[in-house]
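Asker: Take a look at what TrEMBL says about it:
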- 49-66: transmembrane segment (TRANSMEM)
- 86-104: transmembrane segment (TRANSMEM)
- 116-138: transmembrane segment (TRANSMEM)
- 144-166: transmembrane segment (TRANSMEM)
- 178-202: transmembrane segment (TRANSMEM)
- 214-234: transmembrane segment (TRANSMEM)
- 286-309: transmembrane segment (TRANSMEM)
- 321-343: transmembrane segment (TRANSMEM)
- 350-369: transmembrane segment (TRANSMEM)
- 375-398: transmembrane segment (TRANSMEM)
- 410-431: transmembrane segment (TRANSMEM)
- 443-463: transmembrane segment (TRANSMEM)
């Protein structure tokens, strides 16, 4: 008789978990597709993601987004004069930031897929260091170099963080989560940034550091701290993260497979054909145009709201202007989160985007037509709420309708990268020489682009409904005639894939 002990038989759940969980980096695709998902366990897992993943994503994006409000606050505190920027120097510096962002967004997004989520904390630390360096610039050339370096280091953040969210959540869940971290970061950065700037400016000096330089010093130090903490706390990919046990990991991976028909790998290799598909398709091109228009609005507001308020209320103090600039982003954040939740429940992305763009049309029309300070201040709330909302919706909509993983990653980088055309345009939409007209050029531009968003969003809805009907009728079944590997990479082109519109 042997002295060995026979291990107890494995439960059915344990067998299923082992089949799906990665073995030496390899996942059994058949087991993942057939994995029976318990709705109660799934809801518990999603809550865990909401409490462990989203807060870290938000925190990192918040402190990098804060720079955009910093710049506007620093400007009205004397940055232009201290650096000798002249009439257009400020606009050129703001433009350079977005120009470098435009060129590196897709490579930055792919680097997060290839090298892992560790890229994001490292870029956050680098961004914070460059922000601190802003404290010590003394001329126009230094300002330009710093803006280029800030654009380079921040370019990893938004596409990378959006990609992280898309790895943890289903297609139907992505929009609300992207909206949360974007809106909470943008709203609190706009609101808190103005309050913090007014508080720091009231200090007068910190050692030998004075005026607007204090803003960049303090916020840069905090950003470096957040990046260092994130090195230890930021979650890795669901297949490897330490925040999940084996049962949760199996469920997280199964969710990825259940969300896409016939995929064989939850994270396929990068290829040029998939990269091209991530850029050259109708959903991405229309999504990019909508986000370009959104960035003309949102970046214009983040950089120039304080400047516009200075024109609106010439008798107010610097601190009063900072406080007035804090309220619209907070209102925009709350409104956008409500719209995002309603959109998730109704699955009506295009209609919601068109409605929010309509708010911007009304708001900018008020700026053009009225000289009343109260009416113009109220219009800021309309523009901010509308712009904040439809920007996050189009990003979530694009992510939800892009597959497989590489296509989604590139589509995300392409939309956010091309959107910097809008950001660059925004830096020139409100220039000093147009102040005497109440910035009519910038307001007219935003009215026109918001109007085009209404047409583009409703047009994309019509296209996606038409394409879904074609697939339901079997008109796209010829795509299933390739090899099993080719079929596995069809993603959003698969006949069983249905667009969320």
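Glycine is treated like the rest: Cβ placed from N, Cα and C.
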Asker: Might you confirm whether the transmembrane segment (410-431) is in contact with the transmembrane segment (144-166), defined here as three or more C-beta pairs under 8 A between residues 6 or more apart in sequence?
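Answerer: In contact, yes.
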Asker: Do the transmembrane segment (214-234) and the transmembrane segment (49-66) come close, with at least three CB pairs under 8 A (pairs 6 or more apart in sequence)?
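Answerer: Checked: the transmembrane segment (214-234) vs the transmembrane segment (49-66), in contact.
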Asker: So which of 86-104, 178-202, 350-369, 410-431 is most in touch with the transmembrane segment (49-66), counting Cβ pairs under 8 Å?
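Answerer: Answer is 178-202, with the largest number of Cβ pairs below 8 Å.
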Asker: Report, as numbers and ranges, which residues of the same chain sit near the transmembrane segment (116-138): CB under 8 Å and 6 or more residues beyond its ends.
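Answerer: Distant Cβ neighbours of the transmembrane segment (116-138) are 60, 63-64, 67, 70, 82-83, 108, 145-146, 149-150, 153-157, 160-161, 164, 209, 213-214, 216-217, 219-228, 230-231, 234-237.
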Asker: For the transmembrane segment (321-343), I need the partner stretch with the highest count of C-beta pairs below 8 angstroms, choosing only from 86-104, 178-202, 350-369, 410-431.
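Answerer: Out of the listed stretches, 178-202 contacts the transmembrane segment (321-343) most.
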Asker: Report, as numbers and ranges, which residues of the same chain sit near the transmembrane segment (86-104): CB under 8 Å and 6 or more residues beyond its ends.
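Answerer: Counting only partners 6 or more residues beyond its ends, the transmembrane segment (86-104) has Cβ contacts under 8 Å with 71, 75, 79-80, 140, 143-144, 147-148, 150-152, 154-155, 299, 303, 417-418, 420-421, 423-424, 427-428, 431-433.
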